[in-house]
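Engineer: Dumping the structure here so I can ask a few things about it.
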Amino acid sequence: MGYISLALVALLVFFASPVVLADDITPIPADRAQIPQWFMANVKPFSQRRGTLDPELEAAEASRRVIIVNQNGGGDFKTINAAIKSIPLANKNRVIIKLAPGIYHEKVTVDVGRPYVTLLGKPGAETNLTYAGTAAKYGTVESATLIVWATNFLAANLNIINTSPMPKPGTQGQALAMRINGDKAAFYNCRFYGFQDTLCDDRGNHFFKNCYIEGTYDFIFGRGASLYLTTQLHAVGDGLRVIAAHNRQSTTEQNGYSFVHCKVTGVGTGIYLGRAWMSHPKVVYSYTEMSSVVNPSGWQENRVRAHDKTVFYGEYMCTGPGSHKAKRVAHTQDIDNKEASQFLTLGYIKGSKWLLPPPAY
């Protein structure tokens, strides 16, 4: 009996302690109005998360450094690149780069040796990072205005823009706003502008909240394991337009895109929710409002018929005229509560060990 009592006590202590990963299992509410409360309860600031985060991240957050960038002077640096280069390789501290409002015409890379970087714009102000890189000049994934290789990156209140003009049909028109290749990255209130291949959500666990992503074809693509929450997906241009091209290539890969409480908008009609760029894409839309711009078939027909059996295209409790399923392609999955649950918690991106809210400006 003594052994059993100790076991019960241990369990009670575990479930009562702050180490419990409640933020990984509490589902995102179906009511959009409840999301702010849910977020505050499940993504608490560092001061309330000590002892629950990755040890390296805890050490970094405990020793923060702030850099001011103002292109008009009065800060530590006038360019974002200069601020990033001032961070030593093998950095172990959270470095918050506060950006004064303005237009920063730079092609920025956050190297793998510089983790724990935050790019922080001022809420309510216009802070634009712009560049006109193209695939013809740099190659597709290297054309991005912002490239992040480092882990534990965070950005908030930024507009990240590829200013290259809309490509003509049949040209090498890829021009990225961002490529995110680092694990454990979060984006809050960021806007991404481009046309073809706007956002390369490449590899790692990523979180997007209150963002806006605009493009034409495959404007979110890559191999990431990412949760998009309350984010607007806006298609522009005409002709063939596709939102998501996920690059999953086998059932063993633990990745995919989960869009929750998002809005699909755009101009014209016939926009596809996704396509099978590779053999095993995983893309799920939950509680998402789909306007009439969405193609009635939902998803682009697979060019390789064998992929009909390997794609995972899920829709769960979506709304709006574009969510009607009567004409969806046969391999669309109208998933049930149990199946949807895995895409509706922060556990999908293992958030309990690393996800933090944005810092104050």
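Using the three backbone atoms N, Cα and C, a Cβ is placed for every residue, glycine included.
Pulled these from Swiss-Prot:
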ACT_SITE  D197  active site, proton donor
ACT_SITE  D218  active site, nucleophile
BINDING   Q174, R275, W277  substrate binding site
CARBOHYD  N128  N-linked glycosylation site
SIGNAL    1-22  signal peptide
Engineer: Using a Cβ cut-off under 8 Å and a sequence separation of 6 or more, which residues in the same chain sit near the residue listed as 'N-linked glycosylation site'?
Structural biologist: G102, I103, Y104, L158, N159, I161
Engineer: Looking only at DSSP and grouping its letters into three states, which state does R275 (substrate binding site) belong to?
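Structural biologist: Going by the DSSP assignment, R275 (substrate binding site) falls within a strand, counted as strand.
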Engineer: Note the Cβ centroid of Q174, R275, W277, the recorded substrate site, then list each other residue of that chain whose Cβ lies within 8 Å of it, in sequence.
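Structural biologist: After dropping the recorded site residues, what remains is D197, Y217, D218, F221, V242, A245.
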Engineer: Pairwise over Q174, R275, W277, annotated as binding substrate, what's the top Cα to Cα distance to the nearest Å?
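Structural biologist: Between the outermost Cα atoms of Q174, R275, W277, the distance is 17 Å.
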Engineer: For a quick check of packing: other C-beta atoms within 10 Å of the C-beta of W277 (substrate binding site), how many?
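Structural biologist: I get 19 for this one.
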Engineer: Using a Cβ-Cβ cut-off under 8 angstroms and a sequence gap of six or more, which residues of the chain neighbour D218 (active site, nucleophile)?
Structural biologist: Q196, D197, V242, A244, A245, R275, W277
Engineer: Tell me the Cβ neighbour count for Q174 (substrate binding site), meaning other Cβ atoms within 10 Å of its Cβ, over all protein chains shown.
Structural biologist: 27
Engineer: CB neighbours of R275 (substrate binding site) within 10 A?
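Structural biologist: I count 24 other Cβ atoms within 10 Å of it.
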Engineer: Indicate whether D218 (active site, nucleophile) is helix, strand or coil by DSSP.
Structural biologist: strand
